[in-house]
Amino acid sequence: SMAEFGDFISALGEFGLYQKWLVLLLSLPLLLSPFQMIGQVFMVVDVPHYCNTSWIRAVGPNLTEEEQLNLTLPRDADGAYEQCSMYSPVDWDLGSIVAYGLNTTEKCSSGWVYPSVQQPSLLTEFDLVCDRKDLTDISQSVYMLGLFLGAMIFGPLSDRIGRRPVLLISIFIQSLFGLGIAFVPHFYVYMALRCVVATAVSGILITVLALATEWVGVSYRPHAVLITHCCSAIGQMILAGLSYGIRNWRLLEIAGSAPMFALFFYIWVLPESARWLVTKGKIEEAKKVLQKAASINKRTIPPDLLEQLKCEKQTKPGSILDLLRKKHLLKVTLIMSCAWFVDSLVYYGLSLSVTNFGLDIYLTQLAFGAVELPARISCIFLLQWFGRKKSQAVLLLLAGVMCLLIAGIPEDQAVAITVLAIIGKFAASASFSCSYVYAAELFPTIVR
């Protein structure tokens, strides 16, 4: 049974040099996953814009820019030019236009002008303003759909063909399509490629978690999970620096995707999960990787113990239906699903609203990444001191209260809003980590 497998992990060291090295190695792809997740926020920062009214140049080639705008753009209540409407073009001469003025308005018909922009951003290149503004949010939802599909595809696949091949395939897809995004001609192509990248990100998250937890002793599982999470937090801080330094969205996309290619050396160094090999009856392979791990940990697995490594009695494979059939598991599943749902909602809700809090977005992003480190690390101690249940409950409560408070604060109080958002992000991150550890412990291996 699995208890026997635990004996092998104990014999080679529960969290020796080999496992530390492995967990660190597995954390590397997570440095870049926040870029795919939140990077778009920095490519569609709202900038001043107004309708392109160059039609009037035909009748008044000598107009200054200010005169052109005065004649062709209506103003809003504050006296600023309207961003999404213009006066309808007419075929009068300039004198008549100046004398009578234009009065019928229409939506921008020949694109927009962005006076202050030096570098192309997603927003300015694909005109994600006015009627097309919603495309930004739709694109983010399509990305989330990709994460969903990735979980559906790569989860079962990693049980079938192994953790290692799925991780390698996911890294390859994320590198290739991530780089491809930098060269798209059209926003719909951009959305499609991001959906593919998201499936790969999902594959990486799932297999990294499986490999990291299956190689370490049970008592060190929380540490393995949280080290990988800390890398993701560092990735968020790197994202703040990258997006601050590179304002051209295509170059930013290359900078955030190309480093993934460096991880191709995994082909030579990444081991398969010994636990998975045993469940698949690949006993000789399992012995090899276990002995290698033991030698790096300066331990030896007693030969008589190695002899006992047998293919497990074929327990009937687990399926999602098992979660529904057993009353206790059903209850656990519903409660955990609820917790995950809320965690995701708050965590991504805050992460993707970083431009709405009113302070410098790059500093806010840096703070958002930085606050995750203490959140993830404190989670280890909270789980040890107060247990899983109390920690999870209090953290969820804290995150919820912060969000409610933000809703009640006037918009001009940018500092107060940002501070509350950062505390909310702290609680949501820590709660997320609790959910990971909780799920790993509550569900039997075959249905996990």
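A Cβ is built for glycine as well, from the same backbone N, Cα and C atoms used for every other residue.
Taken from TrEMBL, the feature transmembrane segment applies to 21-45 (among others). Away from its own ends, the transmembrane segment (21-45) comes close to residues 121-123, 128, 136, 139-140, 143, 171, 174, 178, 194, 197-198, 201, 204-205, 208, 211-212, 215-216, 224, 227-232, 234-236, 238-239, 242-243, 249, 252-253, 256-257, 259-260, 263, 266, 269-271, 296, 348, 351-352, 354-355, 361-362, 365, 369 of its chain (Cβ-Cβ under 8 Å, at least six residues beyond either end).
For 96-448, the entry in TrEMBL reads domain 'Major facilitator superfamily (MFS) profile'.
Taken from TrEMBL, the feature transmembrane segment covers 141-158 (among others).
What TrEMBL lists as transmembrane segment is 165-185 (among others). Outside the transmembrane segment (165-185) by six or more residues, the chain places 29, 32, 36, 150, 154, 157-158, 193-194, 196-197, 199-204, 206-208, 211, 250-251, 253-254, 256-258, 260-261, 263-264, 266-267, 270 with a CB less than 8 A from a CB of the stretch.
Under the heading transmembrane segment, TrEMBL lists 191-212 (among others).
Residues or ranges marked as transmembrane segment by TrEMBL: 224-246 (among others).
Taken from TrEMBL, the feature transmembrane segment applies to 258-278 (among others). With a threshold of 8 Å between CB atoms, the same-chain residues lying at least 6 positions outside the transmembrane segment (258-278) that come near it are 2, 5, 8, 22, 25, 28-29, 32, 159, 162-164, 167-168, 171-172, 174-175, 178-179, 210-211, 214-215, 285-286, 289-290, 292-293, 309, 311-312, 445.
Under the heading transmembrane segment, TrEMBL lists 329-350 (among others). With a threshold of 8 Å between CB atoms, the same-chain residues lying at least 6 positions outside the transmembrane segment (329-350) that come near it are 37, 144, 322-323, 368, 392, 396, 399-400, 403, 421, 424-425, 428-429, 431-432, 435, 438-439, 442-443, 447.
If one looks beyond the transmembrane segment (362-386) by at least 6 residues along the same chain, the residues whose Cβ comes under 8 Å of a Cβ in the stretch are 34, 38, 42, 222-223, 226, 229-230, 232-241, 243-244, 350-351, 354, 394-395, 418, 421-422, 425-427, 429-430, 433-434, 437. Under the heading transmembrane segment, TrEMBL lists 362-386 (among others).
Listed by sequence, the residues of this chain that lie at least six past the ends of the transmembrane segment (393-409) yet keep a Cβ under 8 A from its Cβ atoms are 339, 342-343, 346, 349-350, 382, 386, 416-417, 420-421, 423-424, 427-428, 430-431, 434. Sequence annotations record features per position, and here TrEMBL assigns transmembrane segment to 393-409 (among others).
Same-chain residues lying 6+ beyond the ends of the transmembrane segment (415-439) with a Cβ under 8 Å from its Cβ atoms: 209, 221-222, 225-226, 229, 233, 336, 339-340, 343, 346-347, 350-351, 353, 357-359, 364, 367-368, 371-372, 374-376, 378-379, 382-383, 388, 391-392, 395-396, 398-399, 402-403, 405-406, 409, 448. As annotated by TrEMBL, transmembrane segment applies to 415-439 (among others).
Residues 15, 19, 23-24, 26-28, 30-35, 38-39, 42-43, 208-209, 212-213, 215-216, 252, 255-256, 362-363, 365-366, 368-370, 372-373, 375-377, 379-380, 429, 432-433, 436-437, 440 of the same chain lie 6+ residues outside the transmembrane segment (224-246) yet bring a C-beta within less than 8 angstroms of a C-beta in it. Across the domain 'Major facilitator superfamily (MFS) profile' (96-448), mean pLDDT in this model comes to 89.
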